[in-house]
């Protein structure tokens, strides 16, 4: 069944209430989706996009109920991905000579999916127009890498409707088509989820492309997206949100996520969160176990956050696989203006936290001090985790902290013995980690104030796991 969008524009798309996976299994569409196709009937009849390939036959049959297929004069393909152009083969089998208007890159993508180079392709570029009669034109705007190289938008003069492709859309299924008809909380939650998980890597392109489109000085009464609602009520509100999200977006929020084998790393996460909340009660803190949480919700929270803490147990000297996979995905999303800290527990040897810190730094995060615990953290170790959270809260504060938290008393780390009496600091000759007698190494039950001579012989360097024999007196303190 078609829905009138405006005047002679009809929605002829497909709702998909059941879909739960998108882009393979990388995006969870918890509220379904829609594949929006539009039929414009003027002196010339234009079809903008089709639907997902799994609905090809149903789409063509429904379209035949709306219009004699032979009366379709032009097909516009804003994007060649299968959820947009998937029904082309089924449709073109009925009307093989119908002109297809798309970008040059789209021809490559369409042929790659459908293998019909004989189709009547017509390449368009930014500023090109197509007269469709009754004084109306289609104006094409290339939008490469938002989010594919072939992407473009199409603007209809007279009706002032922007067919925006993936931009401004959301994977959200509802019987109502327009933004003012649906649950606003659900809608904007899905808009942000969509941007965070799909468009974040291209944020540097969003602002100049929107500026370019606004530079045409064309009125926009509606934005007709490829997924989700049509924006008819104050359509520029979603444009303003995109400009905000593209500008290195962050809220006063910290996301903590982890994976754990024996709940030790979970205990650390809880204690760190307590320290953050104790020091800065204004900050929102969200905690996720990656094995039990929706990955896209985690990534959306990272997008919203000023920083994140990532925890992992050590398994075979490396991080847990789910954490490794999530870090790889964040590398591709190219988050900006975010801070990060790694933490985790280990047994006889470590390695995961250092590896995780390196990977997070490579992913573009500004790194803060990491934290490790050996075996199951006891009360002293948990207090160190809380203190780590307090320090993170202080370092990452976006505004001066409330005075009551600035003066929080922190447990003294050094004994009454003077630093000089404790002897020199010792440095690992392999990884350069420094043992400070004044601080000790509580994770290995070496109390603050323990001189090197009293450190147990089974002590291991926290960074490289080698023994005491690789340590030398710190050069700057050698006599």
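The backbone N, Cα and C atoms fix where each Cβ goes, glycine too.
Now, the feature entries from Swiss-Prot:
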| type | residues | note |
| --- | --- | --- |
| BINDING | 79, 81, 147, 166 | Fe cation 1 binding site |
| BINDING | 83, 166, 227 | Fe cation 2 binding site |
| BINDING | 260-264, 342-369 | FMN binding site |
| BINDING | 428, 431, 461, 464 | Fe cation 3 binding site |
| DOMAIN | 254-393 | domain 'Flavodoxin-like' |
| DOMAIN | 423-474 | domain 'Rubredoxin-like' |
| REGION | 30-210 | region 'Zinc metallo-hydrolase' |
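In this structure, the C-alpha atom of residue 79 (Fe cation 1 binding site) lies 12 angstrom from that of residue 227 (Fe cation 2 binding site). In this structure, residue 83 (Fe cation 2 binding site) is part of a helix by DSSP. The Cα atom of residue 342 (FMN binding site) lies nearest to that of 461, taking the binding-site residues 81, 227, 461 as the candidates.
Residue 83 (Fe cation 2 binding site) has 352 as its nearest neighbour among the binding-site residues 347, 352, 464, going by CA to CA distance. For residue 367 (FMN binding site), the same-chain residues 6+ apart in sequence whose C-beta sits under 8 angstroms from its C-beta are 339, 340, 341, 342, 357, 360, 361. When the binding-site residues 166, 227, 260, 347, 362 are compared by Cα distance to residue 461 (Fe cation 3 binding site), the shortest distance belongs to 347. Restricting the average to the domain 'Flavodoxin-like' (254-393) gives a pLDDT of 96.
Taking the C-alpha positions, the distance from residue 464 (Fe cation 3 binding site) to residue 260 (FMN binding site) comes to 21 Å.
Among the binding-site residues 227, 260, 362, the ones whose Cα sits within 10 Å of the Cα of residue 166 (Fe cation 1 binding site) are 227, in sequence order. The most densely surrounded of the binding-site residues 342, 428, 461, 464, judged by C-beta neighbours within 10 angstroms, is 342. Taking DSSP states H, G and I as helix and E and B as strand, the domain 'Flavodoxin-like' (254-393) has 65 helix, 34 strand, 41 coil. Within 8 Å of the centroid defined by the CB atoms of 83, 166, 227, the record's Fe cation 2 site, lie the Cβ atoms of 33, 35, 36, 79, 81, 84, 165, 169, 171, 225, 226, excluding the listed residues themselves. Spatially, by CA atoms, the binding-site residues 81, 147, 227, 428 include one closest to residue 260 (FMN binding site), and that is 428.
Cα of residue 227 (Fe cation 2 binding site) to Cα of residue 81 (Fe cation 1 binding site): a span of 13 Å.
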